[in-house]
Amino acid sequence: MRSFRSSILLVLLSLITVLNATRARSETESKVHIVYLGEKKHHDPEFVTESHHQMLASLLGSKKDADDSMVYSYRHGFSGFAAKLTKSQAKKIADLPEVVHVIPDGFHELATTRTWEYLGLSSANPKNLLNDTNMGDQVIIGVIDTGVWPESESFNDNGVGPIPRKWKGGCESGENFRSTDCNRKLIGAKYFINGFLAENKGFNTTESRDYISARDFDGHGTHVASIAGGSFVPNVSYKGLAGGTLRGGAPRARIAMYKACWFHEELKGVTCSDSDIMKAIDEAIHDGVDVLSISLVGQIPLNSETDIRDEFATGLFHAVAKGIVVVCAGGNDGPAAQTVVNIAPWILTVAATTLDRSFPTPITLGNNKVILGQATYTGPELGLTSLVYPENARNNNETFSGVCESLNLNPNYTMAMKVVLCFTASRTNAAISRAASFVKAAGGLGLIISRNPVYTLSPCNDDFPCVAVDYELGTDILSYIRSTRSPVVKIQRSRTLSGQPVGTKVVNFSSRGPNSMSPAILKPDIAAPGVRILAATSPNDTLNVGGFAMLSGTSMATPVISGVIALLKALHPEWSPAAFRSAIVTTAWRTDPFGEQIFAEGSSRKVSDPFDYGGGIVNPEKAAEPGLIYDMGPQDYILYLCSAGYNDSSISQLVGQITVCSNPKPSVLDVNLPSITIPNLKDEVTLTRTVTNVGLVDSVYKVSVEPPLGVRVVVTPETLVFNSKTISVSFTVRVSTTHKINTGYYFGSLTWTDSVHNVVIPLSVRTQILQNYYDEN
């Protein structure tokens, strides 16, 4: 017994020693930290950088140690730096009065032929926004992503004029990338890898498959850049599907690529260091971009480290303060509620919808019944072939009949020379791809997948007949199999169907509101097509076909909005970033272009609401002439930060002016957003909005309200009169509830109309009679 106790004691002592050593190592190990100092105090960037080195040298003891520690100096749009610091060093520097905050480096992830005709921007129409703005010429779209493939035809500069005089950026040479690879279309390319390298010490730059330059290995950056501002490329298709002339939203706008995302084989994908992203933002501000398109997402914000503690949002605040419109992806974590990211009120956050385009794939059963599934199958027609449904696959005494994920559990079941039907509840394409691989390996000739219809992405390679149907159609096929002695099936090539009767939906993966941290700030703001978008890519992309690929995600919807903003910027160069947001939100489609309701995919399909698509689907032509705008400036953002409880000192350093928040603190409901979201209405609340006339000088607008269910909405005044002396007018909105219990959100709208313009903002109201109550039922 004594020996046993001695052994246990030795084990415990060893464990304590290991834990102490681990703790000591974590205290002394240097990791990248971002030191944020707020608005820069000096206009000379060299002076700003020198002040950063001096601050670091005073902490570390020598200039050499400071130089070795420094990763980046942020010196153009704002002041700060990234440096390798221990925890104790980070704490010491955070205590300095001139430091707003210090946080460890984080990471972000990566989140077309028919698109523009669908949105009413046909190049064949001489009288539309596209041609009124010379297709966005002189507007510069900055893209922060995985880089660019400069040889892609989407970046040809045929017919493009001289580089805009305001451009102060450049084209940085590197691995397989020359400064001469830029042209009048692709006017800038830079790369930022120091933060990534500091956090991935084992990364070998000489053996990496990625290019240590602005050249794109992954293809994602090339894809999104070409969606936003790609040039005209005729006769493009994806193996014969989705054919037509390919172009970006603003085909004569200029592209500047800032590569801050890197392929890492050990991580099996692409990752983006926040310190690299911050440097990309800093450089983009300096270079003179007009629009920043960022198809990157961080974690769903479920803690307090947001906004002023979120370096990504902080950097973008400085971009917006300099007049740059920032467009970001809302994320691909839908359809669950409160999954939307990039939620700061100065960011334009984008949801994804389908197009009015599909790829029906005829499945003909032996009884001559034709079922139209969905696929991107471009191989030869599969003639009449035996059709089977695997019965009684077993594992640990459980039966998995016909489950796609269990096809490998019954290797004795013959699939050779047959088409297999299976069912799945999986929302991942990886599981279906594995099922297809097993069927192919077993000698099968095709696969029909019955799955929840919300999961729209193509699950298989295009050279293998792999067709998706919903559960109802899958059950019809199964009934045929079980009622026929020798069931057979024929599968034809996929076709392209555009326009009616294909409806538009908010796609299942698109992240949803409400805003998890600031529920009174509506997110997402707007929606755009983001499913199976055909655009340029890198030759290394596994989905590459002739330099192009069809990809899906809010990553793809984001540059659609960026392209539209570029056109609007060319038309209204004097507008603020908030004005552009207001214009596209208040004029958005709340039905699809054919007047049909827009549904949202999820566990059950429902009519879309503002938490699915914000204001609706972007309507570029209407956004060009919105009539009224809900404008915002620094004071509105200060009001937001004060209402969120940030202290005067932090806000002052962020905005570069002395700020004293009122006591009591202001209401976030008064932030001049083109939406009204009330998350906790108990009795009655009154809020204020201000609209600015950007239409005819002498205008009269009258209000109409579609109130949320059980909610009274009173607007004062009911009529707004504008003239040469009265450009902006404020109004109040009194909202009260008739509900006697806590409710979910109900939705409505508030519209100002002058018989020409309809300026619509969404209303979202939740009654909370019992405040601060978590309802687990």
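Residue positions begin at 1 at the first shown residue.
Placed from the backbone N, Cα and C atoms, the Cβ positions cover glycine too.
Per Swiss-Prot, the feature active site, charge relay system maps to ASP145, HIS220, SER555. Annotation comment: Swiss-Prot describes 32-109 as domain 'Inhibitor I9'. Under the heading domain 'Peptidase S8', Swiss-Prot lists 115-624. Look at Swiss-Prot and you will find ASN131, ASN204, ASN235, ASN397, ASN412, ASN508, ASN540, ASN647 tagged as N-linked glycosylation site, backed by sequence analysis. Positions annotated as signal peptide by Swiss-Prot, on the basis of sequence analysis: 1-24.
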Check the recorded positions ASN131, ASN204, ASN235, SER555, ASN647 for other C-beta atoms within 10 angstroms of each C-beta and report the one with the most. SER555
For the glycosylation sites ASN508, ASN540, the largest set of other C-beta atoms within 10 Å encircles the C-beta of ASN508
Tell me, how many other CB atoms lie within 10 A of the CB of HIS220 (active site, charge relay system), whichever protein chain they belong to? 27
Spatial neighbours, same chain, of ASP145 (active site, charge relay system) - Cβ under 8 Å, 6+ residues apart: LEU110, ASP216, HIS220, GLY221, VAL224, ALA225, MET257, TYR258, LYS259, ALA260, CYS261, ILE294, SER295, LEU296
Rounded Cα-Cα span from SER555 (active site, charge relay system) to ASN508 (N-linked glycosylation site), Å: 14
Please report the three-state DSSP label of ASP145 (active site, charge relay system). strand
Can you give me the average pLDDT across the domain 'Inhibitor I9' (32-109), rounded to a whole number? 90
Recorded positions ASN131, ASN235, SER555 vs ASN204 (N-linked glycosylation site), shortest C-alpha separation belongs to SER555
What does DSSP say about ASN647 (N-linked glycosylation site): helix, strand or coil? coil
Whole-number Å value for how far ASN540 (N-linked glycosylation site) lies from SER555 (active site, charge relay system) (Cα to Cα): 19
Whole-number Å distance between the CA of ASN647 (N-linked glycosylation site) and the CA of ASN131 (N-linked glycosylation site)? 48
Pop the Cα-Cα gap between ASN131 (N-linked glycosylation site) and ASN540 (N-linked glycosylation site) into the table, whole Å please. 35
Once the DSSP letters are reduced so that anything not helix or strand counts as coil, what is ASN235 (N-linked glycosylation site)? strand
I need the CA-to-CA distance for ASN235 (N-linked glycosylation site) versus ASN131 (N-linked glycosylation site), whole Å please. 21
